[in-house]
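Peer 1: Before I ask anything, let me first share the structure, which is written out below as structure tokens.
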Amino acid sequence: MSYWIEKSLSEEQYQPFKSLTKNTSILAAAGSGKTRTLTHLIMKDLENGVDPKDIVIFTFTEKAAKELLSRIYFLALHHLPDVDLQGMYIGTIHGWCLKFLSEQSEYYNFTPIDELHLETLVNRLYDDLALEGCYGQPYPKGIDLFLNDLEVFYNENLNLNSEVPIPLKARLERFVSILHTNKLLTFGGMIRNSISHLENSGPLPNLSRLYVDEFQDVNTSQVLLIKNMVNNKTKLTVVGDDLQCIYNWRGSDVERIINFKEDFNDTSVHRLSSNYRSRPPIVRLANNLAERVEMKDPEKEMLWKREEPNAEAVNWLSSESLDEQADKILNIVENYHKNGVPYNKIAILLRSVVGSGQSIVNHLKENGIPVNCPILNRGGQFINEFLLPVFNWLKSEVAEPKNEEEEAEIEKETEELWSLVSNWVPVELEDEFWDGIHDWADQLSENKNYSYNVRKNLYEFLDRCNVYVAPEDNELMIGMGIGTQIIRSVEEIHRRRLSGFNRRSARGVISEVYFSLSRYQNNFGESTTVDTTQEGILVTTVHQSKGLEWPIVILPMLESKRFPVNSRPHESSFPEEYTKNYATTLEDERRLFYVALTRAKERLFLLDPCKSKPKSRSIFLKEFDEKQLIEQKDIASLDPSTWILNQEDIQDEDNSPVTVGLSDVLIYDECPYQYGLRRKAGIQPQVGDELGFGKGLHEIIQRRLEDNNPWTIEKLREQIEKYMTLPYMSEESEEKSKKAAEKRMVELERLGVFNNPVESEVTVEVLLAEGIITGVVDGIESDSNASYKIRDWKSNVHDELINRYEKQLQFYSYALKKQGKEVHAADIVDVGKTAKTKKLSSIDIDISQSSVMNLYNSLDNAVKGISKNEYFPTPSNQSCAVCDVRSICSRRSC
């Protein structure tokens, strides 16, 4: 092994490299450099010749996966430039299972659904599943109860016939059957079905290395999946911190990492105990808290590696009221900012932002302090003052009043609606607002397919009302993202055709949108990814802060029932032997508070509003006080050095390189603001007019490319029937679309376009100065001279998108040449036009050296912009014409 790996690590971090066992567990304390250790272990494997295709790396989130991938690529660039990293899987367990299942014939063309989709689906199936009878609770209370049971069923991988309570068994059987019939995969279903397939087929024969990050958060099913994946030669390495197991409601089982040897024999255990992040007083406080955690690794205790601070690192401030507490937080913020600390170097962490954060956010904003907290800022206000009132009005048909009383009631409702939305709609557009909402209501009554396109209708309505998202209005941008993601889930589930079920009316779908926004906006808003680059004091939950750090951390609202919350059991039909890990206990709250404490690097402030009622303080403060680890202080008497930090302690660390897909970087290249709206804020575009036809046709073309033999008409029809599913269309429209696909495929076959040898779905990755661009080539045709032609297939070529298509193929040309392939040509086939004209209709793409290098430079600049979070608008007729969210953009040019 090269010396560069050893010299990059501490002696403690280097110990796992000496492991001679098949399996390795690394118990890593907070701030101990586990990511550095993990990336260098992977680099050691690559240096030793392990094929990247035989390496699988599981991370807890997609964000963590992208960061890890980027770090590995940049280490390889400097130390292993000749190693081809393509084929290595880095991602979530669910993502791997989806990829694995998609390669099995029985799961072709299945659609993954997320947690929002799942809740909406249970809502839609409420009566069919007879949930009221199952739980004895009126609608909608049975939704959460059924979801709790479904989660236990999946996470514990329970046997449907022998381990499920009788009243629940029929409901679960019915639900699982509906999912399979309609080709839907939940996150839990992905893991369960992967386990089942592996149990039948055996372990992965070529899996050489399996790494699992955040192993403290795994559940029973995930451990069972791992056991079934590994073969007798696979080296398994897990990394985690037992004290940071904070997802118990998802079934996380901390005993799995503590007792790793019981699940996997031939194991060595290594500990990373040195904390390089926090000042010693913060580490001492966290260690004291950890002493009271019963279920933990008995041998690991954090050791501080940083010097003692020149001022108090931990300060406890008690207040008489919430207002006084908010004022002290303002004082802290102002003192640091006055001494050169940027606002975004300060984080306020809460057990619940929605439950405890409003008074703090309001006070900071009233005093001119920028706050990064979308759910309690203008974003949340937009949902409550515009989206909810509008959908509430639309969900009910407004009939002509029959008497003065009804007329007065309608007038009152009208006034209430306008009083709310007038905070967003210019007063001079009141008439336009009412015209627009009545037009939308009329369209709902028509109950046509376009009536179901909720996001399209919403964006057109916002446009009529001059409600736009401006680049400087980040709060509204995030709120629009939260709202449209919830709307998307409802729209996709209720618009989807389910076998054996009638689709709700368009107005009924609007009603579901309203209730889902009401139910989920707070929980979903609290779980949005933290953006630490925004200028402003970050106010977020402790759960969302995990894995992050700040020079200054403020922990307010430390009173009983807020932090810790009261212990509570998991509401479930299953016995405690299956649900004990899902309950919320004081032990779980201690772990969560441990995470909160260890986010702080330089200064930690503990605040409570219980000065005159000390019995109401958080038990954590009481315990620290008893041990004399903290003492109450008056903010005015704090030493002035408290507010002074060295520049090196607050400066940004080098940005991690970014990983971005080609389609996204091309959107950024056209208009950085569109990328910001779509990818950073998460604003969801409307459903396309083709309703999945293009994707379905593309699937059939790819399958034909992978087959060396021409298809008979019978084989073609069989493939279309099996793999082309268009659930958002009516059955009649789907049949017409399948016939259209058949006609196009027959014409392509007649023209001989499938005759040449083809590699399909070729993954490419290009390393740039600030990140990595990834993409997938539809197909590359080879000739007798070992030269290639890139071919991209479009169901229909849209003129306004040709520029984007051209850049795609130019990028593929560059990437393939970097792999050593000689590319002599590239074209785009217009499948629709080909079928119509009876001759191949294609567009040749310029892949000359000069054009490709121009694109390279352009994309290099785009990736640099993404890495710096620069999302400025560049409106033009061309960029706006292809923008999916231009209707709500304040800077559009068309």
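Here the Cβ of each residue, glycine as well, is placed from N, Cα and C on the backbone.
Feature annotation from TrEMBL assigns domain 'UvrD-like helicase ATP-binding' to 7-279. Residues or ranges marked as ATP binding site by TrEMBL: Ala28, Ala29, Ala30, Gly31, Ser32, Gly33, Lys34, Thr35. As annotated by TrEMBL, domain 'UvrD-like helicase C-terminal' applies to 280-547.
Are these features on the surface or tucked inside, and what are their neighbours?
Peer 2: Sequence-distant contacts (6 or more apart, same chain, Cβ under 8 Å) of Thr35 (ATP binding site) comprise Glu67, Leu68, Arg71.
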Peer 1: The domain 'UvrD-like helicase ATP-binding' (7-279): mean pLDDT?
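Peer 2: For the domain 'UvrD-like helicase ATP-binding' (7-279), the model's average pLDDT rounds to 95.
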Peer 1: Could you name the residues, excluding Ala28, Ala29, Ala30, Gly31, Ser32, Gly33, Lys34, Thr35, of the same chain that surround the ATP site, i.e. Cβ within 8 Å of the Cβ centre of those residues, in sequence order?
Peer 2: Thr37, Asp241, Leu272, Asn275, Tyr276, Arg277
Peer 1: Under 8 Å Cβ-Cβ from Ala29 (ATP binding site), six or more apart in the same chain: what's there?
Peer 2: Asp241, Leu243, Arg271, Leu272, Ser273, Ser274, Asn275, Lys300, Met302
Peer 1: When you measure from the Cβ of Ala30 (ATP binding site), which residues in the chain that are at least 6 apart have a Cβ under 8 Å away?
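Peer 2: Sequence-distant Cβ neighbours: Asp241, Leu243, Gln244, Asn275, Arg277, Ser278, Ala286, Met302, Tyr594, Val595, Thr598.
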Peer 1: Rank the binding-site residues Gly31, Gly33 by how many other Cβ atoms lie within 10 Å of each Cβ and give me the one with the fewest.
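Peer 2: Each of the binding-site residues Gly31, Gly33 was scored; lowest Cβ tally within 10 Å is Gly33.
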